[in-house]
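In what follows, a structure is listed as structure tokens, so that the remarks can point back to it.
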Amino acid sequence: MKLLQDRIRQDGEALSSHVLKVDSFLNHQVDSALTMAIGQAFAAEFGAERVTKVLTIEASGIHFALATAVALGVPFIYAKKKKAITLTEDLYSVPVHSFTRGETFNVSVSKRYLSATDRVLIVDDFLATGDALLGLREIVTQSGAHLVGLGAVVEKSFQEGRSKLEATGVRIHSLARIKSMSPDHIEFIEETAALAASN
Ligand code: 5GP
């Protein structure tokens, strides 16, 4: 997605070769028009799949899931990281390790909102080690729903997440795939190059 790549080049800050800060437009202050365009891009990619629910994880995936769900005309669910006192019903639950926080927490979704009849699209802000998306995938598996695919806004392709998820056979669509980065340069995998390599 050229608009997103250009914005990452302009406003993204590579804090190191591994961590990209996007707090000024995606992760803290949010560019709402860009977020809606991101939702439309995911909807265009997966729109033929008869998605019934979009699933993400709190907090940084929520606005992308909302934008995608609006574009698809379906509800979205955000998996919770802490058990709220209002969450009294049965849960699908899985431990997930956080790359940015360096801790493991239980991610859960109420059984009331996901079932075997659903067709689920998972979206999240980053695909890095893949642990968050693998956790969400496990929740979909527990529910018996059909996983249509995974959408990542930013993929750090030099980390192992994509290959771990591809090994499960799921379709992955990332809107900006970073090949490498340093504080003064960010290089993307261009979609045409990626397609040629896979053929
Ligand atoms: P995972 O390593 O499980 O693929 O990524 C988990 C979460 O860590 C992502 O959803 C995202 O919120 C956060 N994350 C991973 N890498 C980065 C990064 O380079 N920058 C930012 N801002 N968040 C990241």
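Using N, Cα and C of the backbone, Cβ positions are placed for all residues, glycine too.
As annotated by TrEMBL, xanthine binding site applies to L20, N27, K156. Sequence-distant neighbours of K156 (xanthine binding site): residues of the same chain at least 6 apart with a C-beta under 8 Å from its C-beta are H18, L20, F126, L127, A128, I178, M181.
Per TrEMBL, the feature 5-phospho-alpha-D-ribose 1-diphosphate binding site maps to A128, T129, G130, D131, A132. The secondary structure of T129 (5-phospho-alpha-D-ribose 1-diphosphate binding site), as reduced to three states from DSSP, is coil rather than helix or strand.
Among the features that TrEMBL reports, domain 'Phosphoribosyltransferase' is placed at 42-163.
Positions annotated as transmembrane segment by TrEMBL: 61-79. Tertiary proximity for the transmembrane segment (61-79) is limited to same-chain residues at least six positions away from its ends with a CB under 8 Å from its CB atoms, namely 30, 35-36, 38-40, 42-43, 46-47, 51-55, 107-109, 113-114, 121, 123-125, 135-136, 139, 151, 153.
Counting in whole angstrom, T129 (5-phospho-alpha-D-ribose 1-diphosphate binding site) lies 18 from N27 (xanthine binding site) by their C-alpha atoms. The record assigns L20, N27, K156 to the xanthine site; their largest pairwise CA distance measures 16 Å.
Across the residues of the domain 'Phosphoribosyltransferase' (42-163), the predicted structure has a mean pLDDT of 94.
With a cut-off of 8 Å between CB atoms and residues at least 6 apart in sequence, the same chain places I57, V96, S98, F99, D124, F126 near A132 (5-phospho-alpha-D-ribose 1-diphosphate binding site), listed in sequence order. Of the chain residues outside the 5-phospho-alpha-D-ribose 1-diphosphate site list A128, T129, G130, D131, A132, H97, F99, F126, L127, L133, L134, Q159, G161, K164 have their Cβ within 8 Å of the site's Cβ mean position.
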